[in-house]
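Colleague: What TrEMBL records for 43-294 is domain 'G-protein coupled receptors family 1 profile'. Residues or ranges marked as transmembrane segment in TrEMBL: 27-49, 61-80, 100-122, 142-165, 198-227, 239-262, 274-294.
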Amino acid sequence: MPPVNLTSTTPATFILVGIPGMEQLHVWISIPFCTMYLAALLGNGVLLFTIWSERSLHQPMYLFLSMLAVADLTLSTAAVPKMLALFWFRAREISFGACLTQMFFLHFTCSAESVILVAMAFDRFVAICHPLRYGAVLTPAAVAKTGLVALLRSFCIIFPCIFLLKRLPFCEPNVILHTYCEHIGIARLACADISVNLWYGLAVPLAVVTLDIVLIAVSYVFILMALFRLPSRIACHKAFNTCGSHICVLVFFYVPAAFTALTYRFGWNIPHHIHILLANLYVVFPPLLNPVVYGVRTQQIREKVVKVFVCSKSHFLGE
């Protein structure tokens, strides 16, 4: 009996193809993605700096917003630099460990961001429906515990994916038809039954995200009921503005995520390069738009951004 080739069970590296069928356009495709990534870094960086610098913004709503900005930065940074290296320098190889690490942080951040969006919806619910109890319910300790829950829940959901992948034997060629590593894409390279990976990768995140969406929907049903009972039009308009910003962020996060996940698994008639382009847009589009939406729609954020940078400029010039 010939000896078993054990080198195939744990590959040293994977090869990232990029966008199949569009390899000649990689450099041109990289330009908008690089621009959006740099804009996302700038926007979220400005948002974090402003919230950190202004003590008046050390409130639950803005602390949750800073958590969202950190999650956005992590999401885009986990995928885009490697994508640009692939497009610019043809750095297609990625080690097995680095691939699993990238996969973990991408899925982990998406899960954590979903928890943060639930927390932001609850924040608006308490602020509008129970304003007198806002300070007692959303204390600094409660905000910190929410951040811890987001981290722990995401870790418990995503960490098993690493073991589900490491137990699989892989056969050459270890070519991933994508610009980054994700759970099902890696699992499909295995020389074994991956039904557990498929069921876990679909059922668990779907169940968790569905629960989050239900909680957000329930919060907004109560919020809308309370808004229609407000006697003051000014107060109602202000509440609608802050809720409108959050609803825009919810749409930017959940709609592309659902569309990408469903087309990747069930959209067999959609060309593969469209799947990859949509998946790449998902890691830069919400991080790009979230700070813009809050900066444009939230007056307090706009005013504090101007104040912080005017003060910083005056201090720098020695005025």
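Positions of Cβ are set from backbone N, Cα and C atoms, glycine also.
If you look at the structure here, what lies around each of the features I listed?
Modeller: Non-local neighbours of the transmembrane segment (27-49) in the same chain are 19, 65-66, 69-70, 72-73, 76, 80, 83-84, 87-88, 277, 280, 284-285, 287-288, 290-292, 294-295, 301, 305, 308; each lies 6+ residues outside the stretch with a CB under 8 Å from one of its CB atoms.
Long-range neighbours of the transmembrane segment (100-122) within the same chain, counting only residues 6 or more positions beyond its ends whose Cβ lies under 8 Å from a Cβ of the stretch, are 61, 64-65, 67-68, 71-72, 74-75, 78-79, 82, 94, 146, 149-151, 153-155, 157-159, 161-162, 165-166, 180-183, 186, 205, 208-209, 212, 215-216, 219-220, 246, 249-250, 253, 257, 283.
Below 8 angstroms of C-beta separation, residues 107, 111, 114-115, 117-118, 121-122, 124-125, 128-129, 153, 157, 160-161, 164, 183-184, 187, 236, 239-240, 243, 247, 250, 254, 257, 265 of the same chain, each at least six residues beyond the ends of the transmembrane segment (198-227), sit close to that stretch.
Counting same-chain residues at least six beyond the ends of the transmembrane segment (239-262), those with a Cβ under 8 angstroms from any Cβ of the stretch are 61, 68, 110, 113-114, 117, 120-121, 124, 128, 209, 213, 216, 220, 223, 227, 230, 275, 278-279, 281-282, 285-286, 289-290, 293-294, 297-299.
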Colleague: Mind checking which residues reach the transmembrane segment (142-165)? Cβ under 8 Å, same chain, six or more beyond either end.
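Modeller: Distant Cβ neighbours of the transmembrane segment (142-165) are 60, 63-64, 67, 100, 103-104, 107-109, 111-112, 115-116, 119, 183, 186-187, 196-197, 200-201, 204-205, 208.
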